[in-house]
Each structure stands twice: as structure tokens, then as C-alpha cells.
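Visitor: What follows is a single structure, and I will ask about it in a moment.
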Amino acid sequence: MSQIETFYDVMRRQGITRRSFMKYCSLTAAALGLGPSFVPKIAHAMETKPRTPVIWVHGLECTCCSESFIRSAHPLAKDVVLSMISLDYDDTLMAAAGHAAEAAFEETIEKYKGNYILAVEGNPPLNEDGMFCITGGKPFVEKLRHAAKDAKAIISWGACASYGCVQAAAPNPTQATPVHKVITDKPIIKVPGCPPIAEVMTGVITYMLTFDRMPELDRQGRPAMFYSQRIHDKCYRRPHFDAGQFVEQWDDEAARKGYCLYKMGCKGPTTYNACSTVRWNEGVSFPIQSGHGCIGCSEDGFWDQHGFYERVTGIKQFGIEATADQIGFATTAVVGGAVAVHAAASALKRAQKKTEEA
Amino acid sequence: MRKITDERIYEPKVRPEEMLEASRLTGDATLEDLESIRRRTSVYVYEAPVRIWHWVNALCITILCVTGYLIGAPLPSMEFSEATNQFVMGYMRFAHFAAGTVLSIGFLARIYWAFVGNSHARQMFYVPIFNLRYWKEFIFELKWYMFLEEEPKKYIGHNPLAHMAMFTFITLGITFMMITGWALYAEGAGQGSLPDTLFGWVLGLVQNSQRLHTLHHLGMWSIVVFAIIHIYAAIREDVMSRQSMVSTMISGHRTFKDDRIE
């Protein structure tokens with residue numbers, strides 16, 4: 001594969017100076033949580049290693065992952081990231097269309113058998129033999145299986161590919177299924193989020209390229225460097241949580257003062273992502289900083305956890321929408337009432353028995 | 001060894017007029033009372049570690065339910081100081097975690113005592129579900145609670161109904177709460193920490209931490225419901241059953257109100 005250009009070649013060709021290139025390498029190392037000693041390693045990898053061929057397929061999705069990806073923050077990244085990988089097939093970004101695109105797809109699979117990375121955005125619907133998502137005249141699930149067969153590894157971009165997202169929300173009529181439940185024989189790395197943070201996406205790819213292996217994954221198969229802590233753990237409003245200072249209404253004084261959004265249903269305490277550290281749009285802000293609670297978009301089944309503005313999850317199994325607290329209070333009231341009635345009956349019976357004995 | 005005969009057991013060691021003299025003189029005893037206390041004695045059921053565990057557990061559960069509920073639905077926002085000097089949720093969570101740790105260690109100690117303690121210390125950990133007689137007695141006790149039986153039976157340890165409730169809500173329930181609780185604690189302790197190594201797999205199982213919170217929350221309510229029934233039943237049994245209940249939790253002795261053999 002020596003005929004493929006290295007990243008460095010591509011970058012230089014695009015007029016990027018070596019100084020900027022080194023800057024990019026050190027920023028990437030910092031983003032990945034690596035020490036300064038890794039900067040030359042990253043630079044070396046980029047200078048010498050052939051670009052990794054990537055096939056990027058789209059199933060049931062909204063393309064927000066791609067939108068996020070192409071906005072990767074560091075100024076260099078937007079020029080480089082798409083050149084960093086050899087993106088041989090991506091039906092939304094590539095110039096080719098129709099039969100030419102499909103030909104490129106087959107060609108890439110043939111050429112880099114067992115060496116390419118399959119990036120999946122969206123997921124396949126399995127109901128009605130996959131007919132709810134047709135790409136290139138065939139159900140997407142077939143395309144996914146075909147491309148996955150010879151892939152080295154699979155990246156599940158976003159909540160769709162990782163967990164199913166909105167199309168898999170109850171009752172999931174199309175039976176939209178996350179990638180890891182369809183492809184079970186390949187290493188899969190989940191990069192959840194709706195969409196995932198751009199720097200997280202590029203960071204994962206850079207890591208895989210630099211070290212020639214998957215980053216360390218947590219129990220749910222997400223890269224530990226970005227998903228090992230909750231939003232809440234690193235939230236700049238955390239001191240207000242610990243102090244017991246909460247926003248009670250969207251327009252109250254506490255909201256203006258930037259208190260904790262816990263009571264407004266912020267899902268920060270249950271959401272694993274890097275938003276509170278990496279932030280969005282070149283590190284400008286993230287939802288909580290903008291005054292809105294986290295909706296937990298990088299969590300499994302986040303659409304089915306009741307309202308975005310409620311703290312306690314709804315439980316559908318109870319027919320009506322109820323939360324654990326409502327069920328708890330209701331059960332406690334019923335049991336308490338039953339106990340009171342039973343106590344009264346017991347007292348009556350005892351009195352009756354005493355009268356009989358007397 | 002001296003042969004023990006019936007005559008020997010019932011042979012009074014004191015003269016009749018000296019019998020239970022203190023009770024007669026200072027204990028407000030009637031003749032019937034004396035006749036009764038001569039015959040009825042108690043069984044030592046719950047040894048000290050079991051009793052201490054029971055009350056420590058009760059205290060922990062109370063703290064855990066109150067603080068746990070208030071962590072899920074915090075008190076109204078308060079501002080009596082700068083956030084730096086105010087630590088309401090911090091103390092709340094500390095109390096919850098501290099009580100949770102004490103409860104967990106207590107539960108492990110209780111399991112240990114099931115091995116080294118007397119036979120009654122083991123009852124809570126096992127329900128004889130394959131014993132037909134157990135179910136017959138279970139139904140009998142259920143009927144007693146439904147006012148369908150005239151008189152309950154005598155029990156040394158838990159009655160069959162209480163036995164089942166104890167096993168379900170305490171043995172299984174507390175285990176469930178400990179596992180989910182430590183799994184939630186592991187989230188804050190971080191990956192690679194001891195709680196994470198031991199209980200991190202739970203989050204992997206339910207995937208979304210929000211779900212884990214809900215399960216833990218429902219577990220709390222099941223214990224609240226249990227506590228209501230438990231306290232009511234203990235007081236009711238103390239009044240209406242044929243043996244002691246509340247005092248047994250303190251002294252460990254089960255005393256009986258009659259000496260009939262059925």
C-alpha cells in the first residue's frame with residue numbers, strides 16, 4: 001500500500017507548513033490525553049504511515065455525524081481530517097454518484113480487503129427484510145454486511161449506529177438495530193452522541209492511525225479517553241450542585257446566575273461524554289454552558305427515558321407515564337391505607353373476641 | 001453423671017412460701033400470674049450480633065431512604081452562602097454513601113454470622129420452597145392475616161409469611177440495592193477504581209445509567225413498602241400473636257403467652 005500518500009504529504013501539498021503540522025500533532029496529543037512525548041510519535045506516524053482507507057456508509061440517519069465531523073475545530077483539522085484518512089467511499093461527501101459511486105465502493109473493498117476501516121453512520125432497519133432503508137437499490141443491511149465482511153474494524157458513528165437513537169425509540173416500527181447487534185464478528189468501536197463531538201471523532205481516527213490499534217474501550221465499547229467520565233463529573237456548574245443551588249424555573253434568578261440544571265432534568269449525571277471538557281464549536285460552549293440541561297444524547301435509549309426536562313425516568317410498563325417516585329408514592333399510599341384498614345379490622349376482631357370471652 | 005429425672009426438674013429448690021417471693025411482694029403479681037410465670041419461659045432466638053445488625057440496618061435504611069430520595073428530588077434551592085461555603089448536596093451524598101457502606105459491611109458481617117451463629121441466624125437466607133409443609137403453613141398464616149383463622153400458631157423464628165417477606169425484601173432486596181448502589185457509586189469513583197472493578201459490570205448490563213438510577217429508585221420504594229408492613233406486622237403480632245415480637249428484637253428472647261402444645 002506504499003502507493004498511498006502519507007498524511008504529511010497530503011498536508012504539505014495543501015500548503016500547510018511544517019510548523020502548523022507540528023502544532024496540529026501536539027494539539028491532537030493533548031486531545032487524546034497523551035503526554036508531550038507522544039507528539040513526535042504522532043508526527044512520525046503521519047509522516048510515514050500510509051493513510052488508512054475508510055469506507056463510510058450511511059443507514060437510517062440524519063447526517064448530523066458527518067456535519068459534526070466536517071466541522072472539526074482546529075483550523076487545520078478541517079483541511080486535514082478528510083485527507084488524513086483515505087476516504088475512498090462516502091456517499092454523502094464523495095463527488096461520484098450512482099453507478100460510479102457503487103463501483104468505487106466495490107473497488108475499495110476489493111483493493112484493501114481486510115485492511116480498511118468501515119465507518120457506519122446510522123443503522124440498518126431489520127423489519128420487512130430491511131426494506132425501510134434502501135441504498136443503491138438494495139436494503140442497507142445487505143450493504144452493511146457486505147462491507148463489514150472484509151473490514152479490519154468498524155467505527156459506529158453516533159447514537160444511531162451505537163444504540164439505535166430516535167428511529168429505534170419505542171415502538172421502533174422499522175426495527176432499527178444498532179450495528180453491533182447485526183455485525184458480531186468484528187471489533188467495533190462505538191462513538192455515541194447525536195452527533196458525537198467533532199474532535200472526538202477525529203481523535204479516535206488519529207489514535208487508530210498513530211498506534212495501529214483501537215483505543216482503550218470501556219465496558220460499552222466506547223473509547224475510554226472520551227467516554228470514561230460523566231458530563232456531571234467535569235461540569236463547571238458542579239459546585240452549585242454540591243451546594244444545593246438549583247435552577248427551579250427557566251426564568252428564575254438561579255438560571256441567570258448559572259446554577260445547576262439538575263432539577264430541570266439535566267442528564268449530565270447519567271451521561272458519558274466529553275462535552276464539559278472538549279466542548280463544541282472550537283470549544284466555544286456546550287449545552288449546559290448555554291443554559292440548557294444535557295439531554296443525554298450519547299446514552300443508550302436516550303429517547304425512551306421520559307422527558308428531557310424531568311429528573312426521574314418515566315416507566316412505560318405501568319401503562320400511564322409514571323416515574324419511580326409516582327409509583328413509589330402510590331404504592332406506599334395504598335399499602336399504608338391497607339395497613340390502616342387491617343389494623344382497624346384487627347382491633348375490632350380483638351374487641352369482639354374479648355366481649356365473647358367475657 | 002447424675003441422672004436427670006422429671007421429679008428432679010420439677011423439684012422446687014425453695015419452700016413454697018418462698019417461691020417468687022419478690023414478684024409477690026414488689027412485682028404486682030396475682031395468683032394467676034404466679035401460676036403463669038412458673039410455667040412459661042423463653043427461647044433465646046436472636047443473638048447479640050443479629051440484634052445489633054437489625055438496628056444498625058434499620059438506621060442505615062432510614063438514612064439511605066431519606067437522603068436517597070432527596071438526592072433524586074433535591075430540597076428547594078437554597079442560598080445562605082457562596083457556593084464555596086455551602087455543601088448541602090455534598091453532605092447529603094456523603095451521608096448516603098456512608099450509610100450505604102455501613103449497610104454493606106453490616107450485611108457481609110450478617111452473612112458471616114449465618115455461618116457461625118445459632119440456627120436462627122440462618123433462617124433469613126433460605127426459604128424451603130420445595131417443602132410442601134412450608135407452603136401449607138404459609139397459607140395458614142396468610143389466612144390468619146385475612147381473619148379466616150381463629151388463632152395463629154406459635155413460631156420461634158419468623159412465621160412462614162414473615163420468612164418469605166424477609167428473604168424477598170431484605171436478603172434479595174438489600175443485595176439488589178447494594179449491587180445497584182455500588183454500581184452507581186462506581187460511576188463517580190471512576191474506571192479502574194475498586195467499586196468499578198467489582199460492580200462496574202452492572203452498568204454494562206443495563207447500558208444507560210438513567211435506567212440504573214430508576215432501578216435503584218424502585219428498589220428504595222420496595223423497601224419503604226416493606227418497612228411499613230414490617231413495623232405494622234411486628235406491632236400487631238406483638239399484640240395478637242402468641243409470642244413476643246418487639247421485645248425479642250431488643251433482648252433476643254422469644255417469650256410465649258400460653259403453654260398449649262397446639
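Placement of Cβ uses the backbone N, Cα and C atoms for every residue, glycine included.
Automatic, uncurated: that is what TrEMBL annotation is.
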Visitor: From A:Cys266, A:Cys297, grab the residue that TrEMBL records in the same [4Fe-4S] cluster 2 site as A:His232, A:Cys235, A:Cys260.
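Guide: Checking A:Cys266, A:Cys297 against TrEMBL: the [4Fe-4S] cluster 2 site match is A:Cys266.
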Visitor: Should any of the binding-site residues A:Cys275, A:Cys294, A:Cys297 have a Cα within 10 Å of the Cα of A:Cys194 ([4Fe-4S] cluster 1 binding site), which are they?
Guide: A:Cys297
Visitor: Taking DSSP as the reference, which of helix, strand or coil describes A:Cys194 ([4Fe-4S] cluster 1 binding site)?
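Guide: A:Cys194 ([4Fe-4S] cluster 1 binding site) sits in coil per DSSP, no helix or strand.
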Visitor: With Cβ-Cβ distance below 8 Å and at least 6 positions apart along the chain, what are the contacts of A:Cys235 ([4Fe-4S] cluster 2 binding site)? List them in sequence order.
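Guide: Spatial neighbours, sequence-distant, of A:Cys235 ([4Fe-4S] cluster 2 binding site): A:Phe241, A:Gly268, A:Ser276, A:Ile288.
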Visitor: Using the recorded [4Fe-4S] cluster 1 site (A:Cys62, A:Cys65, A:Cys160, A:Cys194) as reference, state which further residues of the same chain have their Cβ within 8 Å of the centre of those residues' Cβ atoms, listed in sequence order.
Guide: A:Glu61, A:Thr63, A:Cys64, A:Glu121, A:Gly122, A:Trp157, A:Gly158, A:Ala159, A:Cys165, A:Pro195
Visitor: Measuring Cα to Cα, how many angstrom lie between A:Cys266 ([4Fe-4S] cluster 2 binding site) and A:Cys160 ([4Fe-4S] cluster 1 binding site)?
Guide: 21
Visitor: Tell me which of the binding-site residues A:Cys65, A:Cys160, A:His232, A:Cys260 ends up closest to A:Cys297 ([3Fe-4S] cluster binding site) in space, Cα to Cα.
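Guide: Closest by Cα distance to A:Cys297 ([3Fe-4S] cluster binding site) among the binding-site residues A:Cys65, A:Cys160, A:His232, A:Cys260: A:Cys160.
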